[in-house]
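The structure appears below as structure tokens.
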Amino acid sequence: MDLSRQSLTEAAAAFMVNRSKRYTGCRFGFRDMALSNLPKRIVAVASGKGGVGKSTVTVNLAVALAERGWSVGLLDADIYGPSMRTMLGVADSVTPDQRDGKYLLPITAHGVQAMSMGFLTNERTPSVWRGPMASGALMQMLEQTLWGDLDILLIDMPPGTGDIQLTLSQKTALTGAVIVTTPQDIALLDARKGIEMFAKVDVPVLGIIENMAVHVCAACGHSEHLFGEAGGQRLAEEYGVPVLASLPLSITMREYADGGKPLATSLPDSDEARRFFEASDRLAATITDADADADSASAPTITMSDD
């Protein structure tokens with residue numbers, strides 16, 4: 001049966017709300033087909049403070065990994081302010097297909113499988129939900145999306161350290177987290193809170209991405225550190241983690257994000273895209289090393305006897 005965009009959107013949104021109500025405040029018990037398809041590598045991209053460009057970074061990081069040959073999924077965990085439809089250039093008329101009335105199929109854009117509450121609700125319709133309901137809806141969206149055979153799933157976390165962050169950290173086997181910050185002290189203060197939260201739930205921080213590190217005037221080439229200098233580097237040194245990238249405050253990055261054109265595919269030879277490719281390469285290397293350490297730790301020990 002063909003469904004109109006409005007009816008499909010309403011049905012999908014109602015499905016998430018009703019299922020989240022049912023499971024709010026209890027342990028999720030529906031570990032079924034969709035959940036079994038989750039990859040072993042799941043990385044949260046987080047920031048303590050909003051407005052640091054975390055979603056822009058996450059989208060470009062995901063697309064850069066896909067361009068490097070990884071099979072990448074992207075979950076927009078910002079229930080209240082989803083932005084993936086805009087940043088991936090997904091038309092408003094496109095909504096996820098459903099299967100068996102229980103599962104959603106991710107939308108593929110720029111080589112990335114994506115799911116977002118913004119795909120399920122009208123752009124003008126706010127998600128006015130209390131924390132536990134939003135967390136429950138997010139877990140439903142994660143677990144009942146039929147992700148393909150992924151090498152990695154990136155989760156674009158909402159800012160802060162609230163219910164959604166704790167739910168995902170506790171109920172999902174996260175490989176690690178990437179922290180996005182700007183150099184200014186107030187952003188670093190909140191980024192520290194994010195790092196400490198992940199430490200409390202035993203999720204390793206894989207690296208820091210410093211955004212808006214420097215502004216270069218397009219007219220004269222003069223460089224200015226508008227938000228402070230080397231704040232991301234100091235944060236990384238404080239916690240003993242690597243800096244994956246230092247990104248400029250760039251009008252190009254803003255324009256292409258607003259236009260739904262990730263730089264890794266739309267402007268791959270630009271300086272900004274190069275930095276995202278370098279960040280994706282460093283993240284991939286860190287994850288690959290972690291995989292090797294885990295495999296080594298779990299491998300059986302064989303003792304040779306002289307008998």
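Cβ coordinates come from backbone N, Cα and C, glycine included.
Lifted from TrEMBL, the feature list:
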{"type": "BINDING", "residues": "Gly48, Lys49, Gly50, Gly51, Val52, Gly53, Lys54, Ser55", "note": "ATP binding site"}
Winner by Cβ contact number (other Cβ atoms within 10 Å) across the binding-site residues Lys49, Lys54: Lys54
Densest Cβ neighbourhood among Gly50, Gly51, Gly53 (binding-site residues), 10 Å radius: Gly53
Other same-chain residues whose Cβ falls within 8 Å of the Cβ centroid of Gly48, Lys49, Gly50, Gly51, Val52, Gly53, Lys54, Ser55, the recorded ATP site, in sequence order: Ser47, Pro159, Val180, Thr181, Thr182, Ala187
Protein Cβ atoms within 10 Å of Ser55 (ATP binding site), excluding its own: 25
DSSP state at Ser55 (ATP binding site), helix/strand/coil: helix
Those residues of the chain, 6+ apart, with a Cβ under 8 Å from that of Gly48 (ATP binding site): Pro159, Gly160, Thr161, Thr181, Ala187, Leu189, Asp190, Ala191, Arg192, Lys193, Gly194
CB contacts for Val52 (ATP binding site) [other CB atoms within 10 A, all chains]: 24
